Amino acid sequence: SMASPALLMRVVASAYSVAEKAATIVRNVMSAGDLGIVEKAGPNDLQTKADRLVQMSICASLARKFPKVTIIGEEELPTDDVNEDLIEDGHCEEILKKPCPAQYTGIKEEELVIWVDPLDGTKEYTEGLLDHVTVLIGIAYGGKAIAGVINQPYYNYEAGANAVLGRTIWGVLGMGAFGFQLTEAPAGKHIVVTTRSHSSALVNECITALNPDAVIRVGGAGNKIIQLIEGKASAYVFASPGCKKWDTCAPEAILHAVGGKITDIRGNPFQYNKEVKHMNSAGVLATLRNYDYYASRIPNTVKESLVP
């Protein structure tokens, strides 16, 4: 008889279906027209009905299947009984069929931490920049991002009325990443993707020092990593605090699974154990290729301004 799939593959297979359910909720809230926007820390820190419902859906669905896993979500929500309509019990069969990388076959539930950003790019969502929006489910073990799921609820939304909306990208370290076409940025071009709504003098000083051929300003960390793995940008540079562990965990796993690299601006790796502080206070530097080229050009003044 076939051995039952390793825990990690079961978690990823479930996270895939949970992310697809999340995308449906995101689209339904938008089409119903009442976003229920709440300001958290200010006008660039928003929460909508979609953020709230999606987080409840993801956390409750995964907690029901994997009760000993630690799940950390962006939104602070009451943990009351979640409406059964929000529970997703399915899993992706295709993922379950893949063999788990040997180094992860013995993982136990209580050793996993799942970092959830229910709606990355909330501000863009409220402004109708729908292709910026992602749902992020990152899976960490031993403090390291080892697997991730990124759903883009509105992928293809400009392709017309009959287009199939949405896609799910997923990856596991030691296995690779799936659901997209891996593409490298044009050789010799330095295209930097950075924040759209959280700019600052420091953010801009850092980008200027890189002397880029082009700068793309978009919302969402998930969206920025997608720009890297699809060859639209060569580096993601954000010289500021503000990004959190739930923004980077899933994207990091997918980027690392295809040979890319993400660190803070000072070159330190991110830690994802459950006790870690949530803020990535020393910013983000990520590339699919040529990490050292960009890292070597970050000014010391910028590094010194950002304390991990």
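Quick reminder: no glycine exception, Cβ is built from N, Cα and C everywhere.
Heads up, TrEMBL stuff is auto-annotated, nobody curated it.
Per TrEMBL, the feature Mg(2+) binding site maps to E74, D117, L119, D120, D247.
Cβ-based neighbour count (10 Å, all protein chains) for E74 (Mg(2+) binding site) stands at 22. Residues E74, D117, L119, D120, D247 make up the record's Mg(2+) site, and a Cβ search at 8 Å around their centroid adds D51, V116, P118, G121, T122, T134, V135, L136, G220, A221, G222, K244, W246 from the same chain. For the binding-site residues D117, D120, D247, the greatest number of Cβ atoms within 10 Å around a candidate Cβ is found at D117. Non-local neighbourhood of L119 (Mg(2+) binding site): V26, T48, A50, D51, V54, Y125, V133, T134, V135, each in the same chain, at least six residues away, with C-beta under 8 Å from its C-beta.
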